[in-house]
Each structure stands twice: as C-alpha cells, then as structure tokens.
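Below is one structure, written out as structure tokens, with a few remarks after it.
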Amino acid sequence: MTDEFLWIEGIPFPTVYYSQEIIREVRDRFVVRDEDTIIVTYPKSGTHWLNEIVCLILTKGDPTWVQSTIANERTPWIEFENNYRILNSKEGPRLMASLLPIQLFPKSFFSSKAKVIYLIRNPRDVLVSGYHYFNALKQGKEQVPWKIYFENFLQGKSYFGSWFEHACGWISLRKRENILVLSYEQLKKDTRNTIKKICEFLGENLESGELELVLKNISFQIMKERMISQSCLSNIEKHEFIMRKGITGDWKNHFTVAQAEAFDKAFQEKAADFPQELFSWE
C-alpha cells in the first residue's frame, strides 16, 4: 500500500487528484476570505452528508441545486489540483470542502473570520468505511486485506494519515468562534437540532417548512438516488461504495475481539485529552 501513497510533509495522500506543489501552495498562498465557509473532515466521516446539509440550508431546503450540480462543483475540495485555481478566481462568498489536517490547511484561515465546520466520527466506523471505499477504488487491483488495513490505520499509514492527529488538531481549535465541531453520531441521533445548530453558526434562519424540506432531502436513500442520477453528469460509476450504508456501529460487524481491544488501547493512549462530549458513540 505504501507505493500508492503520495507523501507530503509526512502525510500519505492518494496519488490521484493531489500534488505536492498544489498542497503546499494551498497551505502557503491560498487566501481564505472572511465570508468563506469550509467543511472539513477526515475521509469517510460523513463528508458527503454534511456537504448536502449545508447546501440545502443555503437554498432554504430547495433541492434544485443539489439535484442539478455535482458535489465537487457545489463544495469544491480546496486541495484538488483542478479546483485550486478555479477557487482562486471565484468572486463572492465561497463554500468549500477539505480533508486537510491543520498543519497543511491554508495559513490565511487562522487570521480570518471564515467559518469551518469540522465533523468527527467514531474512528472505528471510519476505519471500516475506509476499508471498503479505498479497496473498491482499486477496481481489479490487489485488495488490501482487512487485517493489514486495520494495522495501517492504527499506525497512521492510511490515506490522509493518522485519524488521531487529524482529529486532535482540529478539536484543539473548537473554542474559536469561527469553528464548529460536530459529531456524526449526534447528527445521526438528533438531526433536526444539529441542523439548527449549523444554521445558527452560519447565520442562516430556516422557517419550519424549510427545515422539513432539508430533512426530507438528506435522507440516506434520497441522497443515494440523487448520486445515482448524477452519475451521468460526472462519470461517477462508484456511487454504490461512495455511500455504502450510512449507519453507526458497523465496526462491530468487522472487528475481532482482539482488534476491538487493540483499538481501545490505542484510543486511550492517543485520544485521552479529547472532549468526552463529542464521543456519543457505542
């Protein structure tokens, strides 16, 4: 798996869509504006779901935008090679997304009033989702066995590096007024009130009917159908594993007892200082 990594500042990235030159340029030269909003996650943490929610909030629940425009055009990834230059020349408030850890994030953000929403998810479920997703991307190439993927994840040798370091970096900024940290599990458990919290953070107000439209259009099944219908717009043929289950606790169907114990030990060692209120998972 190591040969498939593009190593940037000690972080392993996929070799597709990313380049050392662009990542460093994003960090050092990309100008984040005060009116920008950026959705940040570690991969497979509910990224697509949160993107859809924010887009629907901005359109007052009207699904036209999310139905007619693919996600990467609505919320472009800052670090993608093709997106960086497009975003640089885009005028007005920008809605963007990123998977970058804080040490590679645009430096200009930290002196701006731009808003970041960071979504954290049970790393056990992140591991399982990533295992299925990244293996599916291989399409005919040799798959990474579950045991090896598990070990790589704990060692920070999976795409985008250590989950623990990524989460720790962003969580450490949670007291800043322009950063909102949410958990996938809480969003799943209490979607309505979590959306209200997002609205308050963004300065958006939804009438009751508009909120109901947002809730209707972010159900897992509707989002999956929407992605399938958009496959012709973007040549997406992998919607079935981009959105696999959308559930919590799936790790219990994959971890052995020994793996669960090993993960618990690693979590206690590496995440001891994390705020416990974020860990609403089983």
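Including glycine, each Cβ sits where the backbone N, Cα and C put it.
Per Swiss-Prot, the features are:
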ACT_SITE  H48  active site, proton acceptor
BINDING   44-48, R121, S129, Y184, 218-223, 244-246  3'-phosphoadenylyl sulfate binding site
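On the structure: features taken from Swiss-Prot.
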residue : record                                  : Cβ contacts under 8 Å, 6 or more apart
K44     : 3'-phosphoadenylyl sulfate binding site : R121, V126, S129, G130, Y133
T47     : 3'-phosphoadenylyl sulfate binding site : I39, T41, A97, L99, L119
S219    : 3'-phosphoadenylyl sulfate binding site : none
I222    : 3'-phosphoadenylyl sulfate binding site : K216
K44 (3'-phosphoadenylyl sulfate binding site) - helix vs strand vs coil (DSSP): coil
S129 (3'-phosphoadenylyl sulfate binding site): tally of other CB atoms within 10 A of its CB: 22
